[in-house]
């Protein structure tokens, strides 16, 4: 699924003046990508996702989607709020009602998606009320992924998760993307997520698009600008930049900027 935004604009009513809208945003989102969206609170990140999904109606500009709006899945900031007080099976399979599948087909889909999100199929008839916060997020994610979206939008879905919980969530997303050849956009305030999981990154400020590039170029060219926006660089990138300031021949990194890759480059340089 490809999405094209041209001069997109949206402004909130005056009584919601604590929210920043979107102003003249143009960008292309290609298929089969992992894209991070970053920016300080109120920069327009969530508004952008809601406009793409159709939860907000654009006021100016164009949104062109190569597909159906129903093929876009959406995970809110606190995914556990997306589930019902019912059994896990009923919650996950709720959206399948409109597809008119038979019981066997529904069960097959539910069991497959449970395996993907790491939940035991023996828990199908357990109540969602008795689940932990992490389990509720998995159920919410399963309920969206079972509809087989072409594109998944995640509005700070990792908020409140510890490092282990975050890694588990991204593993699910990466496995889903690889198996289904799909795309996902995720909002994050943690720049480590950008270096570890994103193929592209969108930087927003005050409702405007500042950069749309790959993580390697972003950290190489715009580190100072990111810090001026209050975005804390990943520790490995910060260390790398400080090291480069002391070297006569600065090290350049292109492509993979995951922490282990950067440390390997530094280690080879020091030898």
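Start at 1 and count along the chain as shown; that gives each residue its number.
Including glycine, each Cβ sits where the backbone N, Cα and C put it.
Given the structure is predicted, the values throughout are model-derived calculations rather than measurements.
If you look up Swiss-Prot, you'll see 39, 40, 41, 42, 43, 44, 45, 46 marked as ATP binding site, on the strength of sequence analysis. Around the Cβ of residue 40 (ATP binding site), a 10 Å sphere holds 14 further Cβ atoms from the protein chains shown.
Summarising the annotation, Swiss-Prot assigns domain 'ABC transporter' to 3-231.
In the three-state DSSP classification, residue 46 (ATP binding site) falls within a helix. For residue 43 (ATP binding site), the number of other Cβ atoms no farther than 10 Å from its own Cβ, over all displayed protein chains, is 24. The number of other CB atoms found within 10 A of the CB of residue 44 (ATP binding site), across every protein chain shown, is 23. Take the mean position of the Cβ atoms of 39, 40, 41, 42, 43, 44, 45, 46, the recorded ATP site; other residues of that chain with a Cβ within 8 Å of it are 20, 204, 205.
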